[in-house]
Amino acid sequence: QVLKQLRSKYGDLYRQDNVILSGTHTHSGPGGYFQYTLFWITSKGLVRPALNSIVNGIVKSIDIAHKNMKKGRLFINRGTVENSQINRSPFSYLANPESERKRYSSNTDKEMVLLKMVGEDGHELGLISWFAVHPVSMNNSNHLVNSDNVGYASYLFEQEKNKGMLPGEGSFVAAFASSNLGDVSPNTRGPFCANTGESCDNPQSTCPIGGATMCMAKGPGKDMFESTRIIGQNIYLKAKELYEKASQEVTGPLSSAHQWVNMSSVSVQLNATHTVQTCKPALGHSFAAGTIDGVGAFNFTQGNLGQIPLGHPPGGLTALGSLHSIQRGGWGSVGWQGFSSLRDSVIPWFWSLTLFPPCPRTMSGRRLREAVQREFDSHGTPGMNVVIAGLCNVYTHYITTYEEYQLQRYEAASTIYGPHTLSAYIQLYRGLAKAIALGGRHSEKSPLFPPFFICSGGVYPAHRTSGISRPRAAVQSTIRPLLLQQKEVAKVTFVGANPRNSAENATEHNFLTVERYSNISSSWRVVLNDASWDTRFYWSKGSRGRSNVTIEWHIPAGTEPGVYRLRYFGHYKKRANLLRVISVPFEGSSSAFRVTAP
């Protein structure tokens, strides 16, 4: 969808081989936009407003970048981030050869790689950094859309560089991307039984009382909000240090290599006598167990090697666990596919920097990097900085080593193309690296292209927004007392509307603002919005099209004393005629209140 819009605006300038979608990863984002069945279960189908908002936002970002393109310089730096990660499947890591493990000082990759961007005139433009940590400091009890620890790092960096600007505004962009984070957790205190407090750091991640559902990892803070802040700040501080000291310039030509691959049938030459093949996409039994960062339902356990039916959806749809592939069946008269078999493999290449985008575990990532490095070395391009830019373009679950796969913990059970998935990726990326090294530019004209399931109507049930409603934003409960101190919470509840109404109508929309009154100009000035760390927006569905919206401002220490108010912005549904329903914007405001120093 992004490429389709770009093609209509820019022709062939932006293409499959030079556009890579690499987000600041989070486990607390909206769902319902990814076309494969498994990812639509919890969102009850396609949520077109979510899909459209994401696509439009990405395209708008590219538009802004295109209009502001300028000559500049790139600098690379790398360093170690401490006290911010643990391996959440250490017993799987130990299955790798001891000789291989002895080459590394840790069972996670602690290195951050940072790319600094500066204009020819010396004006600071932005950065991209890659670091291996899962964005799950906010655990699965959280219902707030947020960008987690790496998003908080981005927030801190951009607030520093874009002084006086609201989040999302300002010219400096700080992107904190993913690397080989498959088995890496930010919950540094490790797993404990929620009911007894004892450690559950065992091969099955289970507790004596309550089983696997009680085993949860703890972050460094007193709650998930503080843990997110601590880990995010650690990442930010290291990025700031690397950014300020970056002096190694990245120079030379720019190129890329891209191809589509049917990952369910890749033949891999292991050695002179053995050839193996990848499998049709499948999830093992232990996938349902989840991880210590977010346990699954029904008390499934990690490390289970058995095969059991995971369920029998309507219309004869059958899903089997273990090494069985998801069978194609029927949902009414409509076909379906649980996972993607097609994967686009792409390497963007600077003269001394190479990126490639799978989502491997720690040791898988190390093997991938080394294989690509050796390929470049053997074809006359030594000294490359090889970076894993995880979670780009499409999500295809995890990549474990062959040895880790045998233990079938969560990440192994989520390695959907079978035990030789890693070997297949290594073979494919070596081929792309060779193409770049020998020719500088390569884009395979493959007849393969992924199916597009959401074109036709009625494929899956989609969420509906609230029904026809009247203008609202009446204050249900206002801020009390009207005099608050720093570190207290200002809270107000409005009669509101479904936030999705707003997502349908605007690429940019603030659901809330915190405003401070200026005696000099006799006017209100916005000082925070819904992307600010200290604000929270809660929506709860009511009856007969009504709903409630609660806005909180957790007033931090150092807040400038003065008079403030909280404002809410939404859209309600209105019938224009018998056949047409429109969304109409509305807003509400709290009473004014004063913030003082403690």
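Here, residue 1 is simply the first one shown, and the rest follow in order.
Using N, Cα and C of the backbone, Cβ positions are placed for all residues, glycine too.
If you look up TrEMBL, you'll see 1-305 (among others) marked as domain 'Neutral/alkaline non-lysosomal ceramidase N-terminal'. Along the domain 'Neutral/alkaline non-lysosomal ceramidase N-terminal' (1-305), the predicted structure has mean pLDDT 93.
Taken from TrEMBL, the feature Zn(2+) binding site applies to His25, His134, Tyr398. Sequence-distant neighbours of His25 (Zn(2+) binding site) (same chain, 6+ residues apart, CB-CB distance under 8 A): Pro135, Asp148, Val150, Ala177, Ser178, Leu181, Gly390, Leu391.
Annotation comment: TrEMBL describes Ser185 as active site, nucleophile. For Ser185 (active site, nucleophile), other Cβ atoms within 10 Å of its Cβ number 23.
Here TrEMBL flags 361-427 (among others) as domain 'Neutral/alkaline non-lysosomal ceramidase N-terminal'. Helix first, then strand, then coil: DSSP counts for the domain 'Neutral/alkaline non-lysosomal ceramidase N-terminal' (361-427) stand at 32 helix, 7 strand, 28 coil.
What TrEMBL lists as domain 'Neutral/alkaline non-lysosomal ceramidase C-terminal' is 485-595. Note on the domain 'Neutral/alkaline non-lysosomal ceramidase C-terminal' (485-595): DSSP counts are 5 helix, 64 strand, 42 coil.
Under 8 Å, Cβ to Cβ, and six or more positions away along its own chain, His134 (Zn(2+) binding site) finds His27, Arg88, Leu181, Val184, Ser185, Pro186, Asp293.
Long-range neighbours of Tyr398 (Zn(2+) binding site) (same chain, six or more residues apart, CB within less than 8 Å of its CB): Gly182, Cys359, Pro360, Arg361, Glu411, Ala412, Ser414, Thr415, Ile416.
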